[in-house]
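A.B. asks: Attaching a single structure in structure tokens format; questions to follow.
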């Protein structure tokens, strides 16, 4: 390029001697500035660069860090890699151990190994993610999911995720990739299997409900038996008390009459009731005899 500028300056009419010299100096300065610009490049933060040489190819021993660097123009070309971790979601349909179709999705956080960038460029180029991640993720998912039944994939999800991460990390090392995180984001089954699981859950709930009703009926039956035994015992004790003290019935009549009289006295509609209506007939000789016997019994 500088030689072309010099040739162009030589073809220009000489004219006044001072003007030709100034023009040549201007063109020379432009050529020098262009050469300096082509000799300098910058590696941004979170990036690394390697050199491709027109003579020797990729330089295996040169990995450039962030900052300003120099190169030989027209012979060395910098190839810049972004080494920051980037997320990628990959979905894959696969089969479980009990031959159920499973749709599983992973979120993979990956980055290139900065120390192996020259060999990565020779094998995979710059689009290494598209070349590597989908294939190794599908491979590992099919291998791991096939070890578990469909129900185990749900109940042992943490163990499945750990196994997928371990195998996928080891597999990615073969391609100079580092996986910072692997997580299961979605796990679904076919409609038929989902319907079967829901039906099974409904049946289990119905069975549990039926068992609960049976236990409830048994408890109610035991309660009635205990209540009947208590009432029978109370009746027996009452019979013994009456046989020993007949005045107990008279006392109950007096208390009942007192309650009735109090209720009528506080009511707005007052009526006249005889002693017979109050179950308190003081003229009844049997009542008097019962009361006397009750008083004697207390003494």
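Glycine residues also receive a Cβ, built from the backbone N, Cα and C atoms like all the rest.
If you look up Swiss-Prot, you'll see 190-238 marked as coiled coil, on the strength of sequence analysis. The feature N-acetylalanine is assigned by Swiss-Prot to 2, with similarity to another entry given as support. Here Swiss-Prot flags 128 as phosphotyrosine. Annotated N6-acetyllysine per Swiss-Prot: 147, 200, 250, 262, in sequence order. The annotation phosphoserine is assigned in Swiss-Prot to 151 on the grounds of similarity to another entry. The annotation region 'Necessary for transcriptional repression' is assigned in Swiss-Prot to 19-49, 150-174.
Just tell me what is around each of these and how deep it sits.
C.D. replies: Over all protein chains present, the Cβ of residue 128 (phosphotyrosine) has 18 other Cβ atoms lying within 10 Å.
Around the Cβ of residue 147 (N6-acetyllysine), a 10 Å sphere holds 12 further Cβ atoms from the protein chains shown.
Of all Cβ atoms in the shown protein chains, 14 besides its own fall within 10 Å of the Cβ of residue 151 (phosphoserine).
Neighbours of residue 200 (N6-acetyllysine), defined as other CB atoms within 10 A of its CB across all chains, total 11. DSSP gives residue 200 (N6-acetyllysine) a helix state.
Counting Cβ atoms from all protein chains shown, residue 262 (N6-acetyllysine) has 10 others lying within 10 Å of its own Cβ.
Long-range contacts of the region 'Necessary for transcriptional repression' (150-174) within its own chain (CB-CB distance under 8 A, at least 6 residues past either end) are made by residues 96-98, 100, 102, 106, 108, 110, 132, 136-137, 139-141, 143-144, 181-184, 187, 189, 193.
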A.B. asks: Could you tell me the mean pLDDT over the region 'Necessary for transcriptional repression' (19-49), as a whole number?
C.D. replies: 77
A.B. asks: For the region 'Necessary for transcriptional repression' (150-174), give the DSSP counts of helix residues, strand residues and coil residues.
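C.D. replies: Helix (H, G, I), strand (E, B), coil: 23 helix, 0 strand, 2 coil.
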A.B. asks: Rounded to a whole angstrom, what is the C-alpha distance between residue 151 (phosphoserine) and residue 128 (phosphotyrosine)?
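C.D. replies: With distance taken Cα to Cα, residue 128 (phosphotyrosine) is 35 Å from residue 151 (phosphoserine).
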A.B. asks: Using the alpha carbons only, what distance in Å do you get between residue 262 (N6-acetyllysine) and residue 147 (N6-acetyllysine) once rounded?
C.D. replies: 84
